[in-house]
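K.L.:
I'd like to ask you about the structure that follows.
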Amino acid sequence: MTDRRNSTAVVAKRRTDTPIETDEIRALCEAAGVEVVAERTQARPRDPTYDFGDGAVADIADLVERRDADLVVVDDHLDPGRAYNLEAAVGAEVVDRARLVLDIFGERAETKRARLEVRLAELRYELPRAQARVERGETQGRRGFQSGGERPAAQLRADYRQRIKDLREELDRLDDADDSVRAARRESGFDLVALAGYTNAGKSTLLRRLADDLSVDENDGHADRTDTAASRDRLFETLNTTTRRATVGDRRVLLTDTVGFVDDLPGWLVSSFRTTLAAAREADAVLLVVDATDDREEIRAKVETSLDELADADGALVPVLNKRDEADDLNGKRRLVADRTDAAPVVTSATEDEGLDALRDRLTGALPDRERVSLSVPNTDDGNGFLSWCHDHGTVHDPEYGDRIEFDFEARPEVAAKAEGRAETVTD
Ligand SMILES: Nc1nc2c(ncn2[C@@H]2O[C@H](COP(=O)(O)OP(=O)(O)OP(=O)(O)O)[C@@H](O)[C@H]2O)c(=O)[nH]1
Ligand SMILES: [Mg+2]
């Protein structure tokens, strides 16, 4: 992959209707480390050759030349044919929305899973484009696709498909490993909670606030920056899901951060990151974090998309309306979210530490029911060892120490059952 950081770009955007907003694509450029030096928008239907009409194409070419831009960033999904034509016409590399997002993801990916997912998404992106180049006879002399009686297009396709298959198999193996980790964590008495929602909603900030251990992780360091410039360049901050311990009420939970949703991405890109969302789908409860500084229309759309993504989630869903410190129209937004999610949102400010106790209470209520069993074990080393095991795996109520230790133990049903079994084997 070519590194586009520190490149300069002309932003180009075509829509059928005005006004044409470029704030978001500019924020994406900034997140990708690309400096925007000019922009050209055009209101007209899609052109079959260039996507843009001839006038805009000429202007873009002119801006590229005059501003000495390295790239043209198009806020749209360009099919391979149009991208190829446009590139030839403007005399600079053309980067569409998906490619830009992939650049940002590639830059942020740190864990093995995140890197594999980015690579998978890139291969899916590149395949049709590489084919378009081959079909236009661009590959002469390229390594691996020599001419001379070969069938380069078919060979290229087979090569990409094999690499895609290998990556998916590797990701499947990671998924299986994750399943075992989740099972082991539940057996250790943890409830699993995931934070989900759009990018920039405040998931990671909330996670840091709720976590027991205040040591910083790799995405940390700017939790209290609230100005918009800072928020903007923190898009897609979390590609590498972090898991931290937290205590809510008397429950010990593991909180996992997930990749933020982002609008208007092609399906293949979203599905490349689907395995990351398994953390959310398989959690005991999901905090759906919504940015209260968005307007009602944005909130409505984002909540709906989030609910679609989480449609097959196992756990209870707790909506959280975050950033109350900077939001207006809170009552309207609260009703809107309640309406869509069938649950009143907890209103918080992660940066101002507001509403977090209410959030803990709601979360405790949303976690799966526990089972309470009465246990009695000999008051021996073995018995005391068992008691501390119980402390580690659930809640111990009113222990009484005599010849025997008698207490109630409350835990996830499977853990309570295991404790009953173990209690019987404790020796005098
Ligand atoms: N004003 C205000 N800003 C907040 C609040 N919570 C988070 N932020 C800011 O919003 C920005 C994004 O927060 P993150 O926690 O990184 O958001 P995220 O949901 O993890 O984003 P991704 O990792 O990209 O999905 C940061 O600049 C935070 O400081 C809040 O309650 N109020
Ligand atoms: Mg995050």
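Quick reminder: no glycine exception, Cβ is built from N, Cα and C everywhere.
Quick paste of what TrEMBL says about this protein:
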type: BINDING; residues: 197-204, 257-260, 322-325, 349-351; note: GTP binding site
type: BINDING; residues: S204, T238; note: Mg(2+) binding site
type: COILED; residues: 106-133; note: coiled coil
type: COILED; residues: 157-187; note: coiled coil
type: DOMAIN; residues: 191-371; note: domain 'Hflx-type G'
type: REGION; residues: 134-153; note: region 'Disordered'
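Walk me through the surroundings of each of these features.
P.N.:
Under DSSP, S204 (Mg(2+) binding site) is assigned to a helix (H, G or I) in the three-state scheme.
With a threshold of 8 Å between CB atoms, the same-chain residues lying at least 6 positions outside the coiled coil (157-187) that come near it are 112-113, 116-117, 119-120, 123-124, 126-127, 130-131, 144, 254, 275, 278-279, 282, 412, 414-415, 418.
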K.L.:
For the binding-site residues T258, N322, which one has its C-beta crowded by the most other C-beta atoms within 10 angstroms?
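P.N.:
Top count of Cβ atoms within 10 Å goes to N322.
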K.L.:
Mind running the binding-site residues K203, S204, N322, T351 against ligand 2 and keeping the ones whose CB falls under 6 Å of it?
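P.N.:
Once distances to ligand 2 are taken from each Cβ, K203, S204 fall under 6 Å.
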K.L.:
Ten-angstrom check, please: count other Cβ atoms within 10 Å of the Cβ of K203 (GTP binding site), all chains counted.
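P.N.:
By my count, 27.
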K.L.:
For the binding-site residues N200, S204, T351, which one has the sparsest Cβ surroundings, going by other Cβ atoms within 10 Å?
P.N.:
T351
K.L.:
According to DSSP, which kind of secondary structure is D325 (GTP binding site) found in, if we only use helix, strand and coil?
P.N.:
helix
K.L.:
What three-state class does DSSP give G197 (GTP binding site)?
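P.N.:
In the DSSP reduction, G197 (GTP binding site) maps to strand.
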